[in-house]
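Note sheet for the following structure.
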């Protein structure tokens, strides 16, 4: 994707010598950045490299910083995001800033609602405008539905629609595909190309390097708060980008030891999960088994029901779940997550920040929470053995290489990769028989991913049964021994790893309605 010289000369935004410090940390260190009109500029780097902080400065989230910002040649300093938006800069943050109890349309037009001559909000007009935005994005979302009732991927599309509604000159996308599937990603890329053709610019942050090579014109690499590389995308390959991002070459990215697979340890039969109104099956009669030392991968597109399947097994939806669960050949009854934990089942959820961690608690207390529930560190009279608690946490901080100043650090202050290690540590501490992993590497950098893969491999070698949901085909193929495919809540296929290709998995994952449409077009 070569930029023409005209666009190359037209600088839309320039940030000069930007430095941003937090107590004890230089998050952005003397970074200069140019954004050209009508380009897609990728910004890459590990978690903690300073990417999101730099973008929040450009978008007015952080008004206090050193350096200068020029927009179309004029110096600007935004005091808040609204000022940035009024000047044509929109940010889609990694952590979505949506209001759960408002509808998707109300979120899109929050504080910008269409009103009549009397100042009364014209809801019908707002719903129609939201529908047009969703149609442009190629997604089927009811503009009247509350955000809290939408899936994570649908919420992501609402955030993207909100940014498009601002008609910005520069749209900053921070990990926009971390929670959406392949089809939605392709649609988003089409939108990005349209924006580019309109002369608008996109700053695109992603850990998925294959996306960078597909959509970007230019790439900027950050490490430890500094800019360490920059240039047209044609000047980079995967290895060069990784080397710049982590400061060294990664010879082996997917670390999968060959574990000894023995007896069946876990089986589910006829799992069903009904919607809240009990009119629709979100999971429809799914059965599978896992053996000791085995990693069972579950692949599917967004809306396939994979997350719902794991949650149903874990007892997260009592009253709406049917089916049987067996551990070691013995049927167990799970009516709540507590029942699952007591029977040796752990769940690493897709959204670690809201479902996997208590962000305002320390690393120590997050790691030992299930151990307290299981009374593994509780002495007589219900008192916690604080010495044992500290020893357990220190051992996991060391074993999992969790980068934290101390066990008492608030977990919200850790990087995404280290937060995910804390979630894994809290389950490993109770020595589960089965661990359910839902998108275990979502939103974390390449180095942290490699460490998570190593941990998953070690779990399998130890004899644990591992069930791993992933939307990343290279990941599912590299880490799984067997792969189950889901579509529209149903199990559609099952493969041995050595007998399947990416094409096989995608074919099995496409919903039947889409397959029919595709066949008709071909005819």
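Note that Cβ sites are derived from N, Cα and C of the backbone, with glycine treated the same way.
Here the structure is a predicted model, which means the values were calculated and not measured.
Taken straight from Swiss-Prot:
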type: BINDING; residues: 45, 46, 47, 48, 49, 50, 51, 52; note: ATP binding site
type: DOMAIN; residues: 13-249; note: domain 'ABC transporter 1'
type: DOMAIN; residues: 266-513; note: domain 'ABC transporter 2'
* Structure fact -> All chains considered, the count of other Cβ atoms within 10 Å of the Cβ of residue 49 (ATP binding site) is 25
* Asked: Counting other Cβ atoms within 10 Å of each Cβ, which of the binding-site residues 45, 48, 50 scores lowest?
  -> 48
* Structure fact -> Taking all protein chains shown into account, the Cβ-based neighbour count within 10 Å for residue 51 (ATP binding site) is 26
* **For residue 52 (ATP binding site): intrachain residues, at least 6 apart, with Cβ closer than 8 Å** => 93, 94, 174, 205
